[in-house]
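Step one of this worksheet: look at the structure below.
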Amino acid sequence: MKAHLITYGCQMNEYDTHLVQSQLVSFGAQIVDSVDEADFVLINTCAVRGKPVDKVRSVLGTLRKLKAERPLVIGMMGCLAQLEEGQQIARKFEVDVLLGPGSLLDIGKALESNERFWGLQFKDELHDHIPPPPVGKLQAHLTIMRGCDHHCTYCIVPTTRGPQVSRHPDQILRELDMQLAAGVQEVTLLGQNVNAYGVDGGAKLAGYPSFADLLRLVGRSGIQRIKFTTSHPMNFTEDVAAAMAETPAVCEFVHLPVQSGSNRVLRRMAREYTREEYLHHIANIRKHIPNAVLATDIIVGFPGETEADFEETLSLYDEVGYDSAYMFAYSARPGTPSYKHFEDLPREVKVERLTRLIAKQKDWSARKNAAHVGSIQEVLLRGDAFSEGFLEGHTRGNHPTVVPKVLGITGAGVHRVRINQATPHMMYGNLIDANGENLPEVPRFAPEAAALVSPLQMA
Ligand code: SAM
Ligand code: SF4
């Protein structure tokens, strides 16, 4: 069998795609790079907003046409698969294999089955399963928990991914050891709310460390860099900031979604913290990690958001001074409380506010990146950049960075870089030696090609 996988959505989905892909390989499948070469196409879906759902519909439309012309098995996994909305789409587009986020290990059974196979249960076996490490990659994801116990009124995730289940620390450390042995240098610990690790359904699990202590444990493994996402402000403790500060491998990067700067909106979102509490966490982070790089998620145009509420989001952005942000116009998702109880704002209002917020983010990212010019950063280079003669990577603070190639360095690994130019989305620098001297560059024809390098999305 030749299988092709398409992934939409978050880093958790990337991890799950890797997990299912490795299962497929263990059953003898060959992974191919395009739909044209494949006899099994599996789409890992996202249901958090309407746009990714529309994308899935459009890809499935194309696949259904192909299926009419040649033998093709169509599969759909992930959040959308778990919803009635996704199941209707699956029926319409003749999907053969449907796997919800809790049934990924049913992929083998699904392939053995000669008929349509739908797996929609949340199965415990998934939490003990350790996928093989990624091959030839310096970065890896590591899921430390699945599901979510919060009930933010706009969010479909608790429905699609079920309640929170923390993985046992032994499984996490075993998976990490395998990643280390495979050459991984940067691991990102994943969960919808990593700060609640070890406290499932409100109950502290015996034998599980707190998230802060898990960071300390992972920090002792020998891994060079540790990142984590996502943090929910309600469960953020000062001890997490302290653990970050005292564990050298933990990068000084915190992604702390705020969603809104207005207490009225935060209440309607059921976020369970106030603007003031959020800012208190930011102050604690800065107390322990003065050079912390801060990122956030913001939803604009939540039902009932007034111009004054939105201005509070803008003022909070200025008060924190984020390095980067994921910004979304509110998308009413069937099955969420806000869809049921609140009236959606007009699209033009949401688009206009999103445009203003993006302008603010660009301004802050430009200022923040410019402040790094002249500094020395530790950059994890991944390999060739879009422009010939350049390498790309990212800093401990997740800033995409591009450097000219130097003699003797192929690109993979952590290197010291002096930053000499910055845009809102990219930093440019030179590789330097232990004395701070520029390493000799590989001669190239068009040095100005640096300006053509593709903007790399922040991880
Ligand atoms: N668990 C994380 C947290 O609580 O911050 C976030 C997980 S969610 C999958 C990723 C982001 O999608 C959220 O932080 C939120 O900004 C955005 N999001 C979720 N539901 C949304 C909706 N209905 N409309 C627009 N954005 C949404
Ligand atoms: Fe969704 Fe809120 Fe859970 Fe994050 S914490 S996944 S936004 S319900």
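Heads up, the Cβ atoms here are built off N, Cα and C, so glycines get one too.
Per TrEMBL, the feature domain 'MTTase N-terminal' maps to 1-116. The [4Fe-4S] cluster 1 binding site feature in TrEMBL is assigned to Cys10, Cys46, Cys79. Marked as domain 'Radical SAM core' by TrEMBL: 134-367. What TrEMBL records for Cys148, Cys152, Cys155 is [4Fe-4S] cluster 2 binding site.
Projection of TrEMBL feature records onto the structure.
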residue	record	Cβ contacts under 8 Å, 6 or more apart
Cys10	[4Fe-4S] cluster 1 binding site	Cys46, Val48
Cys79	[4Fe-4S] cluster 1 binding site	Gly9, Asn13, Thr45, Cys46, Ala47, Val48, Gly86, Pro101, Ile156, Val157, Thr160, Arg161
Cys148	[4Fe-4S] cluster 2 binding site	Cys155, Val157, Pro158, Arg161, Pro163, Gln164, Gln192, Asn193
Cys152	[4Fe-4S] cluster 2 binding site	Gln259, Met269, Ala270, Arg271
Given the [4Fe-4S] cluster 2 site Cys148, Cys152, Cys155, its other Cβ neighbours within 8 Å of the Cβ centroid, in chain order, are His150, His151, Tyr154, Ile156, Val157, Pro158, Gln192
Restricting the binding-site residues Cys10, Cys79, Cys148, Cys152, Cys155 to those with Cβ under 6 angstroms from ligand 2 leaves Cys148, Cys152, Cys155
Cys155 ([4Fe-4S] cluster 2 binding site), Cβ-centred 10 Å count of other Cβ atoms over all protein chains shown, is 21
Binding-site residues Cys46, Cys79, Cys155: those with Cβ under 6 Å from an atom of ligand 1 are Cys155
Looking only at the domain 'Radical SAM core' (134-367), mean pLDDT returns 97
Taking all protein chains shown into account, the Cβ-based neighbour count within 10 Å for Cys46 ([4Fe-4S] cluster 1 binding site) is 22
Note on [4Fe-4S] cluster 1: the CB centroid of Cys10, Cys46, Cys79 has further same-chain residues inside 8 Å, namely Tyr8, Gly9, Met12, Asn13, Thr45, Ala47, Val48, Pro52, Gly78, Leu80, Val157, Thr160
